[in-house]
Amino acid sequence: MGAAAQGYRTILATYLKPQRGRFWGLAIALLGGIGLQLLNPQILRYFIDTAIAGRQQRSLVLAAGAFMAIAILQQGLAIATTYFSETIAWRATNTLRLDLARHAMDLDLAFHKAHTPGELVERVDGDVDALSRFFSQFVLQVVGNGLLVVGVLFMVWREDWRAGVTLSLFALVAFGVLGSLQTLAVGPWGTYRQISAEFYGFVAEHLSGLEDIRANGAVGYVMDRFYKILRRWLAAFHQARFTSTLLWGSTVGLFTVGNAIALAVGAYLWSQSAITIGTVYLLFYYATLLQDPIERIREELEQLQQAQASIQRIQDLLGHQTQVSPGGQGVLPTGALSVELEEVWFGYEEVGEWERGRVGEWMGERVDGWASGSIDESTTETDKADKPHPPIYPSTRLPTYSLTHPPTYPPTLQSLTLHLPAGQTLGLLGKTGSGKSTLARLLLRLYDIQRGQICLGGVNIAQVPLRELPHHVGFVTQDVQLFQTSVRNNLTFFNAHIGDRAILQTLEDLGLMPWLEALPQGLDTELGADSGGLSAGQAQLLAFARVFLKDPGLVVLDEASSRLDPLTEQLIERAVDRLLVNRTGIIIAHRLKTVERADQILILEQGQAVEYGDRITLAQDPNSRFAQLLRLGTVAGSI
Ligand SMILES: Nc1ncnc2c1ncn2[C@@H]1O[C@H](COP(=O)(O)OP(=O)(O)OP(=O)(O)O)[C@@H](O)[C@H]1O
């Protein structure tokens, strides 16, 4: 509770500060309304006693008028409370949502691979939603209703100490009983929320993979899992509702007892002529008045408990730092960029969710270990002494470490070195899974390498601000993502400095004008879920257009491996030719024709360079793998 309360205070302070004015408005409305509740019973008592005493009718009319005026004022304050609390809640939660979304966008790919989109939706929306009440009401409700309880008891004590003692004891018992009953409901509601997060994760994941699910005839299997989650969800809901209803029933019973006690004490005191009949009613009224604030406080604390998990998850997400460093002050030159890789090592992180926070630590340990040679690579001490450099992974087995934790980065790329002069093109070949796309991702620093260095235009990319790199490196993947926004935005990525003339010229050059002209509103056409009817080849052409408009010094192209119709293939050929003019290119090639453009060839196998050199020299060496491939007439298959 301590950590949660601290977390809650931090979140409250951050998101409520900008709304100080509204918060005070809410405080006045809420506390004013609570204060008026204490006043009305006094007027009622005066009314009853005055009526029984048979005094002037004018006093009765005035009392009734005051009662009604207070009731109307109470309603007005209730409206103001709702207005202020809703506005505060929406503004605060929207700001928090924005912060979470921005933070999630900045997190590295390793994080996004480990978390489903549905899970993130639940974090950014579901958990934040669960907090809206806290932003708007929690503190004021707890403080205000606490004051109301104290105020009611004070009023009762003022009337008669015996009534005061009885109702104070009752209030204490009520808090205790309701508090312990409430803990019963926490578990079932926790389970319910957990299944709900699972459900949304499941739906998001399977909707995005719909094409594969259908193509593989897995609809029945998916529906079966869907029904199973729904069944568990319903059972969890029943259980949670049942405990809540039990709690509600117990509360009603408890306060009925409270009312009976107040009536009994009142009747006794009246029979002793200690109080008037109006005061008996006053005691009864105050006893009923205790119910609302005690329940409210209990409810708020219950919601706080339920929201603790949300606060925790939100803090976890906000506290999750990207493992990719933000870079330094390095500036990349303009124009074609040379590419230099020196002894580059990289492995994808392989740890479970709960271990994530420690990855940085382990990496530090491991890098230090390498530097100091303290890692036991299953070699003798003499071996180690002979090796001035850190140990190198053998390709077939992982080293063992004298560290407390197991290695977490099995290498995907090993000891990779290449030098590609500015303006030249590298053809990157290798079997599936050999590490070609990984190398491309590293050039954009979607992941940070664990060892070695990568320089573009002579500048170490680890020193270049992370946000700068995409301006200098264009990446065309096979799986082109189109977004449900206008064609223009899809091409410029919301860069308003790129004018329509440049866009149209680029589309013309790429042969995409017939496609654009067929769209109802040209560049303003919103691409729907079907991406404007684009084929895979056309979508890749659109991705080429993005790169042209960005004009980077290095282009990395993962060539479409699917069969293209002759016209699209021709368009792509032309586009690639143009793309490589005055730029450095790295092409993950799937067709011989593309490879013919390359100045250098790099063949990867299990993350290692098994052949690297000048294309023509390799082609002329009958023993080279590249020459074998050429003889086979393919670069796509196995070597
Ligand atoms: N995000 C990831 N997390 C963990 N491992 C990954 C990730 N992406 C790729 N890998 C693994 O890294 C290795 C290299 O994958 P990569 O995608 O770079 O190969 P590739 O040569 O581009 O293959 P393909 O030609 O099929 O695209 C594979 O073993 C793959 O399973």
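Start at 1 and count along the chain as shown; that gives each residue its number.
Cβ atoms here come from the backbone N, Cα and C positions, even for glycine.
Whatever TrEMBL says is automated annotation, not expert-curated.
Note that this is a predicted model, so its numbers are computed, not measured.
For 24-306, the entry in TrEMBL reads domain 'ABC transmembrane type-1'.
Residues annotated as domain 'ABC transporter' in TrEMBL: 398-631.
TrEMBL lists 371-401 with the feature region 'Disordered'.
Marked as transmembrane segment by TrEMBL: 22-39 (among others).
Residues of the same chain lying 6 or more positions beyond the ends of the transmembrane segment (60-84) and with a Cβ under 8 Å from any Cβ of it are 22-23, 25-26, 29-30, 32-33, 36-37, 39-40, 43-44, 46-47, 50-51, 136. Here TrEMBL flags 60-84 (among others) as transmembrane segment.
Residues annotated as transmembrane segment in TrEMBL: 138-157 (among others).
The feature transmembrane segment is assigned by TrEMBL to 169-190 (among others). Beyond its flanks by at least six residues, the transmembrane segment (169-190) meets 149, 153, 236, 239-240, 242-244, 246-247, 250-251, 254-255, 258, 261, 287, 290, 294-295, 297-298, 301-302, 305-306, 309 of its own chain at Cβ-Cβ distances under 8 Å.
Residues annotated as transmembrane segment in TrEMBL: 246-270 (among others).
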Please indicate, using numbers and ranges, the residues of the same chain that are 6 or more beyond the transmembrane segment (246-270) and have a C-beta under 8 Å from a C-beta there.
160, 162-163, 166-167, 170, 174, 177-178, 181-182, 184-185, 276-277, 279-281, 283-284, 286-288, 290-291, 295
Roughly where does the domain 'ABC transporter' (398-631) sit in mean pLDDT, to the nearest integer?
83
